[in-house]
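What follows is one structure encoded as structure tokens, with my remarks underneath.
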Amino acid sequence: MNPYAKLTFSLSLVLGTTITISSNHWMAAWTGLEINTLAVIPLISKSHHPRAIEAAIKYFLVQAAASTLLLFSSMINAWHTGQWDITQLNHPTSSLLLTTAIAMKLGLVPFHFWFPEVLQGSPLTTALLLSTLMKFPPITILLLTSHSLDPTLLTTMAIASAALGGWMGLNQTQIRKVLAFSSISHLGWMCIVLIYNPKLTLATFYIYCTMTGAIFLTLNTTKSFKLSTMMTSWTKTPVLNTTLMMTLLSLAGLPPLTGFLPKWLIIQELSKQEMTAPATIIAILSLLSLFFYLRLAYYSTITLPPNPTNLMKQWHANKPASTLIAALSSMSTLLLPLSPMILALI
């Protein structure tokens, strides 16, 4: 892709995200979401592979439908209340339509079908954008309207997302699909606590972005797309694969790694709100996700491929890992001792 075109699309992504997260009028938020959608489509389809073109078309159709629903929701609310302010979403039908639209944009169950397919058809860097930056504007809209949303509906969708994300990730061999179902599962954790503590949802999203960023950038360095190619990357970059294993275990939520912090705080918050049953269910469902994270960690470091005697050994890669991977991996594994400071910021 032409560097100038890539720069234009990247700046458009930043512009669209900034417009949406800083607006308090529905039309401005919708405009930002549309700029984001149009800017990321060329990045998905830049390889011109049939699977990439299919992913771009699926992404466009889903996002266009979600944007239409969001606009419809805001118009119904404005019609009944005379308010275009995002925080003044008072009409129940508008609230329901908005929840549906944002669930489609994020890939929450039952509107998740497009997300694994689009991620599988995208390059790793674009898949990283779709999993992190592209979810920021819809989550911001959810935060601004959290007081108007239906708690029962959100809790149901959250538990279904955690269940399906864990269940469907078990038999995948493509790493991008595994990470897509991991994203769906994490979105369930964010949505279940959204109404009770919106800042905790945002903190969980930031920590999730840090861990996912480290994993995608590591996979992009080792060029691992499937579990079978992941097995061979250990001989090329042993240290990088060890940090990948630690980051995967952190994403699974194992103490004493960073990923344990948001799950611990969410379960604590749900217990305070006397939601013991949903807290127990979502904690048990995270064991499903733990299984495939452990499998990924096992493939990345412990399993070595069979080496026949006539096979030339792979030499260590001379190219050093980037500083960004080092910083993100460190933050993904070592932030738990700083939890009092993170709590103070929340």
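Even glycines carry a Cβ here, placed using N, Cα and C.
All TrEMBL annotations are machine predictions without curation.
Not measured: the values here are computed from a predicted model.
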Select from 30-48, 239-257 the stretch of residues annotated by TrEMBL as transmembrane segment.
239-257
Cβ under 8 Å, sequence separation of at least 6 from the ends of the transmembrane segment (202-219): give me the contacting residues as numbers and ranges.
124-125, 127-128, 131-133, 135-136, 139, 143, 175, 179, 182-183, 186, 189-190, 193, 225, 240-241, 243-244, 247-248, 250-251, 258-259, 261-262, 265-266, 321-322, 324-325, 328-329, 331-332, 335, 342, 345-346
Grab the same-chain neighbours of the transmembrane segment (96-115) for me: Cβ-Cβ under 8 Å, and only residues 6 or more beyond its ends, written as numbers and ranges.
33, 58-59, 62-63, 65-67, 69-70, 72-74, 76, 89, 130, 135, 138-139, 141-142, 145, 149-150, 153-154, 157-158, 160-161, 163-165, 180, 183-184, 187-188, 191
